[in-house]
Structures are given as structure tokens and as C-alpha cells.
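A.B. asks: Mind having a look at this structure? Questions to follow.
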């Protein structure tokens, strides 16, 4: 089965072709970072208009790279939510038009389910069950994953997500957009321990997160350093990243201990952070836990993860198109709420 995946939830237009026997055949991505940089963040109307311009040329690109035609497509998966409503509607509209024209099934995919399953695109994919640390944009969650569509929420952020804290800290430090990678790069030059920042909810006794207080602590430090030199900024960035990593690592391994699972999957944009990967790998080696990550190319939003998630859903429930969530979009959508028809 050849599945076309379409991702358009925010500021990346991603398309991919995934074959259930041969694996990922091709993928293409256009990022809008340069367009939004002058505004310091994503402008929804501009994002939607750019998706419209990019989606069909990218479709032709993935078909050409895979040596396939539109007639070869057996099913279409698109990001149904969560995300920006206008941006989501672009992908959903293209999926609908192609689906009806080709008379093939369509399936709406949860954006975070795509991230959660993205490590399965690697050469050594993790088997079920596992614990997933999802750190993507406005989401920071710990999920117990027993199989496709079988997800239990163990913990989540009570205020700012880790990605949001990165972006806000970048602004406080006078860094560019997007903030996360800029903070991580600056932190590489920082001295560990130069600043003492809090580890919110580190000893809360549950698996929830909170990063608003950490952001406030960074704000307090920047105000104390009115004439901040470059090394001070690097040291503060390092202290911030270390605090985030400490909390994410501690909560992840607490979830593993609580459930008894021996596999940890890390997905989403922050999952590309080098310091986080090093800490989790170190703890995994010490505690005999296997840690899995997506390829760096698939940490950001992409069509490959949507094609894979759609293919896995259609394989698990062949009549899914008849039991679909509908062909609209769901800008607000909890991952723990989705189920396969047989599990509903």
C-alpha cells in the first residue's frame, strides 16, 4: 500500500510517500522560518497562504523522486490537528480533492501521533510497548504507548511547554527566531553552574511538568545583568538548558520505573537537542533502558511521519476510512482521546 502523507499544521509544508512493504520512498519539506523571522513568530495567515503555494509542487517532487504517479497512490494521510486552523485546512483540502479524484481512502492523523511514531522510520525501530517523551511546540507530554492508537497520558505540562520556554528564553537573551535552536547553540559556549536556576516540579511526586517558573527565573537574571556580556548570555543559556534537561530526564525515567517498561522514545523538536540526548543515553546505559530517537530530519514537522502514522492506522483498521474522524480539521485535539475504531 502506497500512502501519501501531507503535513501542514504550522509553518512547515511536508509531503512524503510511504510504502508499507518498501518503507519511506521519498519526502520533501519546505520551512517558512525565513518568512516569519521578521515577525518573531508564526503569522497564521502568511503560513496558510504559503502552504497553498508549496503543497502541489512538493507533491510532484515526491512523486518524481519515488518514480511514481498519482495513479499509484493507494491512500492519503493528512494532519487533521492540532495546529493552526487555516494551515490545517490547506492540507485537508488537498487530501480531500486527491482522495475523491483518485477514489482512494483518506485518514486524518493526529500531529503528535506522527511525532510519537517517527522513530519507527529509523533502521532499528522500537517495538511496542514503550514510554514516549513528546516535546513538540506547545506540547510536553509523557505517554505510555502499548500499540497503534493505544496511548495513555502519564504527565503533561501544567503551563508553558518546554518548547515555549525555549522560545521565550531566546527573546529574553536577545536571540533570533526560531528560539530553540538558537538557545541550544549559545548554551554550547556556556560554563556549567555559572547560574543556579530552578528545576520546577522535579520532586513533585507525579509526572507533570511546569516551565513558567523557569522562564521567570531567566527573566529575573537578565534584569540583574543589565549590561549582559556575551559570556553571561552563554552561561545563562547553559543553565537554562541544563534545568530543562534535568527535569525531562528525571520525569522520563520516573515514568519508566512506574510502568516497568524498558524502552524510551523521544520525539519532537526538542528531541534534537544534543544535551538532552547525551543525558538520556547516559541514564539509559546506566539503567539498562533502550532509548530511541527519530532521525534529525524527522524531529521537526514532516510529511513522512504523517504518511507512516496513516499507513499504520489503515493496516490496523482496514475500514478506518469508513470510521474516520471526518474530513475536517481539529485545531485542538488531545492525543489520549484518539482510538482505533475497534478500541473505541
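Yeah, the Cβs are placed from backbone N, Cα and C, and that goes for glycine too.
According to Swiss-Prot, the Fe cation binding site annotation covers 111, 115, 301. Look at Swiss-Prot and you will find 134, 135, 136, 137, 138, 167, 180, 273 tagged as substrate binding site, backed by sequence analysis.
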A.B. asks: Would you mind ranking the binding-site residues 134, 135 by how many other Cβ atoms sit within 10 Å of each Cβ and giving me the lowest?
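C.D. replies: Looking at the binding-site residues 134, 135, the Cβ with the fewest others within 10 Å is that of 134.
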A.B. asks: Which ones in the same chain are close to residue 301 (Fe cation binding site), with CB under 8 Å and 6+ residues apart in sequence?
C.D. replies: 7, 9, 10, 11, 12, 14, 111
A.B. asks: Round to the nearest Å and give the CA-to-CA distance linking residue 273 (substrate binding site) with residue 115 (Fe cation binding site).
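C.D. replies: The separation of the Cα atoms works out to 15 Å.
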A.B. asks: Write down the Cα-Cα distance for residue 137 (substrate binding site) and residue 115 (Fe cation binding site), rounded and given in Å.
C.D. replies: 11
A.B. asks: What's the longest C-alpha separation between any two of 134, 135, 136, 137, 138, 167, 180, 273, the listed substrate-binding residues, in angstrom?
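C.D. replies: Comparing all Cα pairs, the maximum is 17 Å.
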A.B. asks: Indicate whether residue 273 (substrate binding site) is helix, strand or coil by DSSP.
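C.D. replies: Going by the DSSP assignment, residue 273 (substrate binding site) belongs to neither helix nor strand, so it counts as coil.
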A.B. asks: Cβ-Cβ under 8 Å from residue 136 (substrate binding site), same chain, 6 or more residues apart: which ones?
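C.D. replies: Long-range Cβ contacts: 111, 112, 115, 163, 267, 268, 269, 270.
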